[in-house]
Amino acid sequence: MNGVTNGLFYMKLALQNIKKNAQTYVPYILTCIGSVMMFDIILTLADNKEIAAMHGGSDMRTILGLGCYIIALFTAVFLFYTNSFLMKRRKKEIGLFNILGMGKKHIGFILFFETAIIGAVSLGAGITGGFVLSKAVHLLLLRLAQAPVQWGLYFSGKAALMSVLLYGTVFLLILAGNLARVHVSSPVELLRGGQEGEREPKTRWWIAIIGTAALGGGYYLAVTTSNPAYAISAFFYAAILVMIGTYCLFTAGSIALLKLLKKKKGFYYRTEHFISVSGLLYRMKQNAAGLAGICILSTSVLVMLSSTVALYVGMDDVTRNRYPRNILLEAVHASPADEAVIAGAVQEVLSANGLGEENHLSYSDLSLLAVEEKPGVFDIKTTYTTADLEKIQPMYVMTQEDYGRVTGNQAKLSEGQCMVVTQYSPYEEDSLTVLGRTYQAVPAGDYGLWDGADTFGSEVYYLIVPDDEEMQLLEAGQQAGEGGRVSSIRYHYGFDLDTDQDTQIRIYNEIMHKASVIPEGIQGESAAEGRASYFSLNAGLLFLGIFLGTLFVMATVLIIYYKQVTEGYEDKSRFGIMQKVGLTRAEIKGSIHSQMLLMFFLPLAAAAMHITAAFPIITKLLAAMNLTNVRLFAAATAGTLAVFAVVYTAVYMLTSRVYLRIVSS
């Protein structure tokens, strides 16, 4: 009975502490609820069988599953991070309990009940909110994917159980960390915890140099990567370098900036600047880490939303680049008779439906996956090493007759000559050797690719040769060297149709059935079918971008809020002294305004600089995903940055009021 009474006593104390510290605990609890709710919603969607059954549902579930891992990892780390703010704020309070006779064991009981209450509220409200909102989010996802609306609520027991297990574990680990902090700290250390970090930091030039080099290296990779095939790996390395550079420069560079301002006597010895610069300088180690975190989160939001919005809005461009014609047919080693069968099947089906071909396209080519051993010399291998992967050059061989027919440009090549038509950078060597055959390279000049050429968003060489015999020699040489386990000459036939999507799919299936008599078989693609898959994929990416963007914005807002609250309480005593010696409220407000302008908008400016530097490499990434409309991505980036800046400014205005209210009270 005594144990129950003690338990109720500690629970009452825990509730009183949470209520007394509502200014810091309420945002933390709301963040915990939001984290649980977002994880529960996205896991519910990933577990929804209706989504699995829709067109492109497997891709959608893969994207949602990836989102589950990202949200779980990020929220777990972020909750530990925000808890550290709470514990720092409460060190003095806990130390006072200890001084007044409450043992660390009893303080541990209070912390246990505080964590239990917060955990129970967060899990209960989060899972309930996830269940209530999951249908609205599900409808949004279906709307983005242009899929039929499905009514009815769906509760995922798996999502609820995983939420309890994940965040229950997180709260237990947070409790263990808090108990460990209390156990290893003395009462004196706890009482002065709020005054830690008052020594003026030194300018560490070696960190600034590392940061400058890392940021410069990341920017260099982002700006100079020209081949979309290498953009993914380059973007990964660039992102790591930029994050390192951002942290180092905020940590060391901001201190150097403040000390530089301190040396400018005309600026520093104005009342509002003197207080803000001095205050920030003494706590810059803490502020720098927070500002760097805000900058990195802001950049992540800008990159995710701008790219996913561009992919979704540019769906027509993506589909057209991937499927240059509404119906695409392909046959291996097609003889003139096979080509006639394909053309006959097309005309028969179209005539029966009262339709005609538009934007007709037909040609033959041979695809080669070549490795550039040295400038102008290419080899075909059975297996490729890791080093080879960086030198692989996709290559298509076609005759000058076919090239002239599809482009209207006549190459006029002689025996032993070739012309290399490229997607991005012109071929500058005087000769080209592939499969042991050497050609004199005739400059392509203004000749380029055509609407419908296979590029897959990367640098592709179209090797134009004089005639069919030369293309067949290359095919024979490739098969002799590789044991026949390679590509063959393929005949391509494509056209557009002026009709609806369902009719296009039906006509495509009828043509494939009639042309299936070709001995080597026939393959094909329907843009209408592909469009549905792309909508599911890009809708999933946009949804995940919005979801994670919302999560990162929530994290950014909370970091800013806690930073303002922490700064406000730490500056309160200083400003109290200043008020007693005659500093007016207007002067205090001016000092706060100066402090915010100096440091608060620095992460936003740095994030804008990061997204600007990343623009070239992101365009290459989007090109690899068949979006080549740079203007569209530029508009999406500018729009995302503008909206984010408005949100950021609104947060600044709200949190600066909290700061002012604290220091002026």
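Backbone N, Cα and C atoms are what each Cβ position is placed from, and that goes for glycine too.
Here is what TrEMBL records for this protein:
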type     : residues : note
TRANSMEM : 25-43    : transmembrane segment
TRANSMEM : 63-86    : transmembrane segment
DOMAIN   : 69-175   : domain 'ABC3 transporter permease C-terminal'
TRANSMEM : 107-133  : transmembrane segment
TRANSMEM : 153-176  : transmembrane segment
TRANSMEM : 205-222  : transmembrane segment
TRANSMEM : 234-261  : transmembrane segment
TRANSMEM : 288-315  : transmembrane segment
TRANSMEM : 541-562  : transmembrane segment
TRANSMEM : 597-618  : transmembrane segment
TRANSMEM : 630-654  : transmembrane segment
Same chain only, please: residues at least 6 beyond the ends of the transmembrane segment (25-43) with a C-beta under 8 Å from a C-beta of the stretch. Say none if there are none.
18, 64, 67-68, 71-72, 75, 78-79, 82-83, 86, 118-119, 121-123, 125-127, 129-131, 133-134, 137, 156, 158-160, 162-163, 166-167, 547, 550-551, 554-555, 558, 561-562
Does the transmembrane segment (205-222) come close to the transmembrane segment (153-176), meaning at least 3 CB pairs under 8 Å for residues 6 or more apart?
no
Counting Cβ pairs closer than 8 Å, which of 63-86, 234-261, 630-654 has the most of them with the transmembrane segment (541-562)?
63-86
Could you break down the residues of the domain 'ABC3 transporter permease C-terminal' (69-175) into DSSP helix, strand and coil, giving a count for each?
91 helix, 0 strand, 16 coil
